[in-house]
């Protein structure tokens, strides 16, 4: 097996817990010296520290994944595959240990590499278990799919996860037989507002800048510069990343198992969110507000994309209807209340759409579990 640049050769300092004198400065010096040699992984006991190299390193090939299979944690240099394999071995009760369900916790600052680490762990576990190949590929495509809808550019990180996720891999007979995802704390406010230097969720840019013109017509999308919810962008920005992202997200949806009609319906609703953001208001002479004449087209487009009546959507924006003692009461909104209603609807629609995607993923990844057999989980 090739040893890329000697990175799989063991050297001193791989487990700082074994150093005779360990304090904060010694820890940082060790991490810095290893990082300068592209040795981005270091153990502290059973904990793995990963320092983001912000570049591709030749450390993650299938051959290296196989090299770390069935090996004790301290036999080879520190690696995320070693953590994954140690977890799998403990799950199976290898080396004379009691078989128990396992948990891997991935934490760190924004940009530390949590999303990439998750994908690498899943890749090794799927390969190691040698289970249903199709299911394994579906599991691996979940992360790029959720990244498209749940990640965004921030000041600190161009691909920051703006939600939390808890992934359960379910095993029977040592093979992955199903998976489940729980999502929480989606940053819904990003749909309608982004701080300077930040962007909305990736999927909006994928659709506006990366989708073919024919598809944009199907979704009712116009020029990107027209939409308030995605902020201002220079025309000379290289948009190839959005084209690649759109293809990646579309391929992931197909591989996970979404139907073509589901994919189209989802993107039409996303277009409705963008259209809704362009609905603006002006005062009515009799009190309250109305939609500006120049924005009536956006209101009609949003209603059509959401599949609701235009009048019903308008009422949600400009007034609140309630009932008291059998009487219907109509309270007119102020300008600020109308804008808040617009943005609230956009955020709720996006949040429910994201929740539906996760539910659909869980349905598709339920697998062919034999309920009479006890399940194991990582």
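Cβ from N, Cα, C; glycine included.
Quick look at what TrEMBL lists:
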- 11-378: domain 'Myosin motor' (DOMAIN)
- 108, 109, 110, 111, 112, 113, 114, 115: ATP binding site (BINDING)
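Between the binding-site residues 108, 111, 113, 113 has the most other Cβ atoms inside 10 Å of its own Cβ, all protein chains included.
Neighbours of the ATP site: apart from 108, 109, 110, 111, 112, 113, 114, 115, residues of the same chain with C-beta atoms within 8 angstroms of the site's C-beta centroid are 52, 157, 160. In terms of local Cβ density within 10 Å, 115 ranks first among the binding-site residues 110, 115. For residue 112 (ATP binding site), the same-chain residues 6+ apart in sequence whose C-beta sits under 8 angstroms from its C-beta are 50, 52.
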